[in-house]
Amino acid sequence: MVKAWYMDDDSASDQRLEHHRNPPEYISIEELYKKTGVEYFKLNVDTYATDGVLQALKEKRGYTYEDEIVCSKECLPNYEEKIKSFYTEHLHTDEEIRFVVEGSGYFDVRDDAERWIRIAVYPGDMIVIPSGIYHRFTLDTNNYIRAKRFFIGEPVWKPYDRPADDMDCRKQYIEKQRRGFLVTAS
Ligand SMILES: CSCCC(=O)/C(O)=C/O
Ligand SMILES: [Fe+2]
């Protein structure tokens with residue numbers, strides 16, 4: 001099962017480490033959704049191309065665009081710059097949808113009390129990060145991830161670094177969080 005935990009406050013050491021608190025404080029995926037609106041789906045990484053589960057999800061959620069990103073020194077153009085920008089706290093005007101097919105990494109999201117939650121992703125994990133949430137991404141010490149990216153319509157990748165509190169998507173996110181993410185995740 002996917003693991004998520006509250007991070008320590010050690011921003012000086014390697015971002016690619018686990019950064020657990022002492023003792024570790026895990027959060028369930030249900031709690032994660034309630035606090036942040038982040039959705040999670042588990043797919044079969046060996047059969048997703050033919051088993052219909054991903055296809056059904058794409059149709060249900062209207063994902064019309066799909067591509068792949070490989071984050072590694074060898075494959076990602078402007079690697080250092082991109083890795084730095086992924087780990088700079090930011091938000092997007094649209095959902096960030098990633099399905100991990102190889103490798104691993106960490107998505108960090110802020111909870112309702114501004115605490116960082118780290119979500120460890122592995123092959124078969126699909127994560128939907130809501131529009132307007134402050135978040136960031138880092139590779140772990142394996143330094144490699146290959147993920148599918150989905151989008152409703154034409155993709156908009158632009159990150160807006162914090163502070164972006166005046167953006168409509170941020171205000172809408174805060175309002176949804178205030179009301180509670182009550183609509184079922186799937
Ligand atoms: C594994 S996807 C790379 C990270 C990314 O695309 C992004 O937008 C992070 O916020
Ligand atoms: Fe992002």
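All positions are counted from 1 along the displayed chain.
Glycine is no exception: its Cβ is also placed from the backbone N, Cα and C atoms.
A quick note: this is a predicted structure, and the numbers were derived from the prediction, not measured.
As given in TrEMBL:
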- H90, H92, E96, H135: Fe(2+) binding site (BINDING)
- H90, H92, E96, H135: Ni(2+) binding site (BINDING)
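This view paints the features noted in TrEMBL onto the structure.
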residue: H90; record: Fe(2+) binding site; Cβ within 10 Å: 19
residue: H92; record: Fe(2+) binding site; Cβ within 10 Å: 20
residue: E96; record: Fe(2+) binding site; Cβ within 10 Å: 22
residue: H135; record: Fe(2+) binding site; Cβ within 10 Å: 23
Inset, instruction - Look up H92 (Fe(2+) binding site) in the DSSP assignment and report helix, strand or coil. - result: coil
Legend entry - Local backbone state of H135 (Fe(2+) binding site), from DSSP in three classes: strand
Legend entry - Listed in sequence order, residues not in H90, H92, E96, H135 with Cβ within 8 Å of the centre of the Ni(2+) site Cβ atoms: L91, I129, I133, Y134, R136, P159
